[in-house]
Amino acid sequence: MELYQGVVLGVLQGLTEFLPVSSSGHLVLGQNFFGITEPALSFDISVHLGTLFAVALVFFKEIKAMVVSLGRLVQNLGSLKNFKQVVKADGDVRLAALIIVGSIPTAVIGLILKNYVHALFSSLVIVGSMLMVTGTFLWLTRHSTPGGKKVEQIGFGTALFIGVCQGVAVIPGISRSGATIAAGLFSGVERETAARYSFLLSMPAIAGAEILSLKESFATGAGFDTVTLLSTLTAFIVGTLALVALLKIVKKGRFYLFAPYCWVVGLISIIAGFVA
């Protein structure tokens, strides 16, 4: 892979990991454009680490607050009379619990689909079709009733539902952020809270996938070169900017504006797939 190709793919990963247009779908399109049939596993791991660090940077305060609250909870566990009440009343503990609950269906679905999804990355028709699906549920958020649920009002059933949507987003062309934020909005969650939860929920999913991929990478002896490292840095910088921008867009209720883009790119992908 040439240096400029790695940088372009890093930009694509950084932008599309958080914007609701499917990072996996766009990486497939980018790889097809450059004629890269099978990118190095170490490259895939690295660019995803770049976007994981972007989430950690943007939500550092929230992550720190959750860690502190959970630490305090563990220290006082023996003296707590009503554990459930504490989880419900403490917003930081509640958020951590919701992330854990939401991560369960994501992990189960991801492990089940892992071997089947790999083959889909070579199909422009499937990627394009799933982008059309992504565009449709993004557009439907325009008609969702604005909810007011904050973290303390989100039920574990809602967390499971959002986690299922995140798991399904392993299919290339289905946007993870689009699916999870839309699921939150349809469930009556307040816009900014839905976005915050979506991106914090992505951290265990990305980290878990990275651990599995690293194990495979070490087994194959894959290494990390200059192109890979520069792509990672690019994904981190662009991802941070994209994440901050999307939070503002969701807060203003303009999430649906990404739908036409998904439809256009999806249609082009389907046509290109049939022509090829």
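Cβ atoms here come from the backbone N, Cα and C positions, even for glycine.
The shown structure was predicted, so the numbers you read here are calculated from the model rather than taken from an experiment.
Per Swiss-Prot, the features are:
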type     : residues : note
TRANSMEM : 1-21     : transmembrane segment
TRANSMEM : 40-60    : transmembrane segment
TRANSMEM : 93-113   : transmembrane segment
TRANSMEM : 120-140  : transmembrane segment
TRANSMEM : 154-174  : transmembrane segment
TRANSMEM : 199-219  : transmembrane segment
TRANSMEM : 227-247  : transmembrane segment
TRANSMEM : 255-275  : transmembrane segment
*asked:* Let me check one thing: do the transmembrane segment (227-247) and the transmembrane segment (120-140) come into contact, meaning three or more Cβ pairs under 8 Å with sequence separation of at least 6?
replied: no
If you count CB pairs under 8 A between the transmembrane segment (120-140) and each of 1-21, 93-113, 154-174, 255-275, the winner is 255-275
Same-chain residues at least 6 beyond the ends of the transmembrane segment (154-174) with CB under 8 Å of its CB atoms are 22, 24-25, 28, 94, 97-99, 101-110, 113-114, 117, 120-121, 126-131, 133-134, 180, 182-184, 187, 189, 193, 197-198, 201-202, 205, 266
